[in-house]
Amino acid sequence: MVPMRSGSGTGITPVDDADDWAEDWHQPGGGGGGANGGANGVSEEAGGAIRLRDWTARSNTDEDDDARSQYGSEISKEDADVTTALILTEGGPLGEPEPKRGRFWFSPPGGKGEETDLDAIATQRSVFDDPDLAGQYQPQPDWENIHRFDPSARWTWGEERALIRKVDFKIMLWTCLMFCALEMDRANIRQAVTDDLLPELGLTTNDYNLGNSLFAFSFLCAEVPSQLISKYLGCDIWIPLQMVLWSLVASSQFTLSGRFGYLASRVLLGMLQGGFIPTVVLYLSYFYKANELTIRMGFFWTSMVFADIFAALSAFGLLHMRGVGGYSGWRWLFLIEGMVTLVFGILSFGLMPAGPTQTAGWLRGEKGWFTPREEFILVNRIIRDDPSKGGMHNREPVSPRLLLKSLLDFDLWPIYLIGLFNHVPYATPTSYLTLSLKGMGFSTFQTNLLVIPSQVLHIVNMIILTYVSEFTGQMSLTAIIPQFWAIPFLVFLRFVDTTTVSKWTVWLVMTFFLGSPYSHPIQVGWISRNANTVRSRAVGSAVYNMCVQGGSIIGANIYREDDAPHYTRGNTVLLSILAFNIVLYLSTKAYYVWRNRSREEVWNAMSESEREKYLAENWDAGNKRLDFRFAS
């Protein structure tokens, strides 16, 4: 069946065939375009058809009037209902950008003039709509989603929102649960020390610091190797395997007997958990656009805080198992939470699809999670947003040459430096919170419950900060806010003798201090945006997280035993780092603004033919291309 085209160029099909087109669209192979397409790149199965908006409600344009005059009797209100009237995608209209308040499916509908028309076309303009540029951005032939790539594909906001909800439920939710498992196993040491782990193993505060530093260092060293393994095996294989391996180490802490065992377990946990976060970021980039990923990273780290809250509540019960079988409560804590992670790891082998078009599996069904139509929308909305995502197969390893090229990407170094220092003013007090509360006279169980309010406040502030970043588009100026938040609280800790103040006053100060907004989700999304290639995104996320772990090592060694209990020297150092961070954020903003302005001048001075020649010769240059602009 060859579709008829209107002379006006609207691409409207006769309504008599609309139902046949709609039926064909949902069949395997539907969706049109690509190598198997018919004339003009559109398949004979009519797989490029989409729902058209109700013409009665959309008759304000000349194009609509032309179409109405040609198809008169066919395009009535009933025939043009959004469930039957279809247009050919090849040459079909593109959508207007969605109002910011309607950018996310869970957002309010917006004020007057800001509502999103769910029947309007959502397909956004991209380089694939420019015949002079499209050839320079084509995905590589072995890209895993190439069979669903179709520059002519069109879809509505209603379809896109429903699909994003589905991806959030199928992909994002399980990813958050996996992160909860990681956080439980790496952070439950804070609950364990409240149950006399240190004296029972013959350890000092400095030994505790050393264990935290070794964990962070091992975590750091494993970041890039883990990313390289994930690019070779696939995120869907490596992440579940990591979880199974570290869960066995976490559970084995039940048998700890001394300093060596404690330090060895921290090293092994760090080595096996390292790379998990950047691998997840890479994995989520297969399903989400850049602006959507930043918000999802906010929810991702929110799940970490939920894990901390749950850890505190579960510790209240598990530490009461002291004496069961003759063992300490902290031993049962490690064993039981490690076994929970093992279950999550095994299930992850079945619940993590490799990509949008690879969702069939033993726990996902023979047909997978998405219809052919949904796969077309997923693939094309992602590649339109970032054409570089078609540059590597999801099981294609990063070569040593590309690894070195990514490591030497100096344009990402300012964000790496931010990752190294930005959270240090918070990391040090956080790691000592439970020990400090215990030292002020709170019981073991009071201590574990009193950390919960700061974590709840932390969640609320982090989500607000992430939203502000996305809606304003200001990465640097939003991510800097936690640095100003910390100033009054660190000044209090530096100049007030907390031993002479009510313990409840100190607890209140620490609660508001550590309930600060968290800029890490913004910065992870920032790295992903500014990388602009799959290999740089994979390596850049790992290097950034290495810097974050380096910051954890710095933070773990600022409070020293000879500076207790006031930590005057330590808090002075934290205030100095805070001042440096403020300068660093502002300098990073200035750097990216300068880079963008410099490129804009060069790009605008080039002729159209010079631009085409440049793009043909530099198609794989990533963020070094003159037409790329850095988020700042």
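A Cβ is built for glycine as well, from the same backbone N, Cα and C atoms used for every other residue.
Straight from TrEMBL, the features:
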{"type": "REGION", "residues": "1-76", "note": "region 'Disordered'"}
{"type": "COMPBIAS", "residues": "28-40", "note": "compositional bias 'Gly residues'"}
{"type": "TRANSMEM", "residues": "268-288", "note": "transmembrane segment"}
{"type": "TRANSMEM", "residues": "300-320", "note": "transmembrane segment"}
{"type": "TRANSMEM", "residues": "332-352", "note": "transmembrane segment"}
{"type": "TRANSMEM", "residues": "447-468", "note": "transmembrane segment"}
{"type": "TRANSMEM", "residues": "474-493", "note": "transmembrane segment"}
{"type": "TRANSMEM", "residues": "505-527", "note": "transmembrane segment"}
{"type": "TRANSMEM", "residues": "573-594", "note": "transmembrane segment"}
Candidate ranges 268-288, 300-320, 447-468, 474-493, 573-594 - greatest C-beta contact count to the transmembrane segment (505-527) (under 8 angstroms):
447-468
Let me check one thing: do the transmembrane segment (300-320) and the transmembrane segment (474-493) come into contact, meaning three or more Cβ pairs under 8 Å with sequence separation of at least 6?
no
For the transmembrane segment (474-493), I need the partner stretch with the highest count of C-beta pairs below 8 angstroms, choosing only from 268-288, 332-352, 573-594.
573-594
Would you kindly list the residues that approach the transmembrane segment (573-594) from elsewhere in its chain, counting only those six or more residues past its ends and only Cβ-Cβ distances under 8 Å?
414-415, 417-418, 421-422, 424-425, 428, 476-477, 479-480, 483-484, 486-487, 490-491, 494, 530, 558, 630-632
